[in-house]
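The structure under discussion appears below in the form of structure tokens.
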Amino acid sequence: MSDISKASLPKAIFLMGPTASGKTALAIELRKILPVELISVDSVLIYKGMDIGTAKPNAEELLAAPHRLLDIRDPSQAYSAADFRRDALAEMADITAAGRIPLLVGGTMLYFKALLEGLSPLPSADPEVRARIEQQAAEQGWESLHRQLQEVDPVAAARIHPNDPQRLSRALEVFFISGKTLTELTQTSGDALPYQVHQFAIAPASRELLHQRIEQRFHQMLASGFEAEVRALFARGDLHTDLPSIRCVGYRQMWSYLEGEISYDEMVYRGVCATRQLAKRQITWLRGWEGVHWLDSEKPEQARDEVLQVVGAIAG
């Protein structure tokens, strides 16, 4: 697309970053100044009843800056990148029609990628194929199926953990149905995002600072009642660790503690470590992202001013 045709597109802002980097605080600050409406880009914040462990914006913050695509699914329900793209595009169109600018804020990089580049057409789920895969897993274990995926699609296997049955099953299902690997099919993009996008990423200047922020926030969550929140989910009886919601960082570790598998101290240690690993993956995504303007979490006023300098003109 030419620069001239891009300039004629409606405007949008991406505010990306690892967990605990200060994205939400910056987005709320920007909403006070720019004619923007916020859309959450987070695969965990979609779930109702999962507030403390997800660092969901509180009632006061949401009053100051409402976020779209929060609390739209029960923890028992799935939500895909395709679901997100459909919903986000609808929200963006609604915001643009009202004469305002969509500001998409979050850390689920797969969602940002799906929105920006579009999604390749993948085969629909096949219950028979899925049942066959699950039967094989029951007989041989998911480790065996992961080795099978490594043989046909090493790129996907490197990205999918052996203990992630949902994604592992889907990758094998796609191959069995289509004869093509998930990697092959996802290299074919769908429709690009019909917006002129200004992209920002916020993170502390050093990994050590980010690790400190992550540990502090995890302890703040515990002090705010995170255990009670997960106990309420645990008591429902219909949730389990094969669900994406319960596999979320922090929730998975607290679930193991409630099941008596690990001690409280071990839960805290694993929760912090898992959050650090998540942040590392998010930063790895962003380091390879084109056209990103980096902001420093430790200098929030400067970060705000840099965003205003880049996008302020579009609000005039």
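Just so it is clear, glycine is given a Cβ too, placed from its N, Cα and C backbone atoms.
Summarising the annotation, Swiss-Prot assigns ATP binding site to G17, P18, T19, A20, S21, G22, K23, T24 and lists sequence analysis as the type of evidence. Annotation note: T24 (ATP binding site) sits in a helical segment as assigned by DSSP. When Cβ atoms from all protein chains are considered, those within 10 Å of T24 (ATP binding site) total 23, not counting its own.
For T19, A20, S21, G22, K23, T24, the entry in Swiss-Prot reads substrate binding site.
Annotation comment: Swiss-Prot describes 42-45 (among others) as region 'Interaction with substrate tRNA'. Across the region 'Interaction with substrate tRNA' (42-45), the prediction's mean pLDDT works out to 98.
DSSP assigns T108 (site 'Interaction with substrate tRNA') to coil, not to a helix or a strand. Around T108 (site 'Interaction with substrate tRNA'), the C-beta neighbours below 8 angstroms that are at least 6 residues distant in the chain are V41, D42, S43, V44, F84. The feature site 'Interaction with substrate tRNA' is assigned by Swiss-Prot to T108 (among others).
A C-beta separation below 8 Å, combined with a sequence spacing of at least six in one chain, links R130 (site 'Interaction with substrate tRNA') to S169, E173. What Swiss-Prot lists as site 'Interaction with substrate tRNA' is R130 (among others), and the listing cites sequence analysis.
Summarising the annotation, Swiss-Prot assigns region 'Interaction with substrate tRNA' to 166-170 (among others). Panel annotation: around the region 'Interaction with substrate tRNA' (166-170), residues 78, 125, 130, 133-134, 137, 142, 145-146, 149, 160, 182, 242, 244 of the same chain, lying at least six beyond its termini, place a Cβ under 8 Å from a Cβ of the stretch.
According to Swiss-Prot, the region 'Interaction with substrate tRNA' annotation covers 247-252 (among others).
According to Swiss-Prot, the feature region 'Interaction with substrate tRNA' maps to 280-287 (among others). Counting residues of the region 'Interaction with substrate tRNA' (280-287) by DSSP class, helix then strand then coil, yields 8 helix, 0 strand, 0 coil.
Packing against the region 'Interaction with substrate tRNA' (247-252) from elsewhere in the chain are residues 19, 44, 50, 53-54, 164, 218, 221, 226, 230, 233, 241, 271, 274-275, 278: each is 6 or more residues past its ends and has a CB under 8 Å from a CB in it. Long-range Cβ neighbours of G17 (ATP binding site) (same chain, at least 6 residues apart, Cβ-Cβ under 8 Å): K23, G107, A201, I202, A203, Q282, L286, S297. Non-local neighbours of the region 'Interaction with substrate tRNA' (42-45) in the same chain are 54, 56, 67, 69-71, 79, 84, 106-108, 110-111, 244-245, 248; each lies 6+ residues outside the stretch with a CB under 8 Å from one of its CB atoms. Here the Cβ of T19 (ATP binding site) has 22 other Cβ atoms within 10 Å, regardless of which shown protein chain they belong to. Annotation for P18 (ATP binding site): same-chain Cβ neighbours under 8 Å, separated by at least 6 residues, are G107, A203, L210, L278, A279, K280, Q282, I283, L286.
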